[in-house]
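**Q** Can you read through this structure? Questions will come right after.
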């Protein structure tokens, strides 16, 4: 289950980007996970819960995993199409296409912090 190492990598990234004070106010982490990223949202959630249970630092933080559909760009007709059932065919002209423009993401999309009394969020 590589999701545990991904969760730890997310925490390492957040620790590198935010101060200890900011991390103390961290409330929610939002991820964007593409359907072609080889990450299962349910397994990611389970790994997140396992790591936060074992390590106190992020115990009060929640995770939201937003799935990004697969989108292709057709060089023949110039149309972007969202594909379904992993059929890489342009919805406009019907030609086979594997020029993926969305759906491979694994991104920390947004982080939410609790507001401190009188202090603005950064």
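From the backbone N, Cα and C atoms, a Cβ is placed for every residue, glycine too.
Nobody curates TrEMBL annotations by hand; they come from automatic prediction.
Predicted, not measured: the structure shown is a model, and the values here were computed from it.
Sharing the record's features from TrEMBL:
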| type | residues | note |
| --- | --- | --- |
| BINDING | 2 | Ni(2+) binding site |
| BINDING | 74, 77, 90, 93 | Zn(2+) binding site |
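Explain the structural surroundings of these features, please.
**A** Cβ-based neighbour count (10 Å, all protein chains) for residue 2 (Ni(2+) binding site) stands at 12.
Secondary structure at residue 90 (Zn(2+) binding site), taken from DSSP and collapsed to helix, strand or coil, is coil.
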**Q** Around the Zn(2+) site formed by 74, 77, 90, 93, which additional residues qualify by having Cβ within 8 Å of the site's Cβ center?
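**A** Leaving out the recorded residues gives 76, 78, 79, 81, 91, 92, 94, 95, 97.
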**Q** Within 10 Å of the Cβ of residue 90 (Zn(2+) binding site), how many other Cβ atoms are there?
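**A** Its Cβ has 21 other Cβ atoms within 10 Å.
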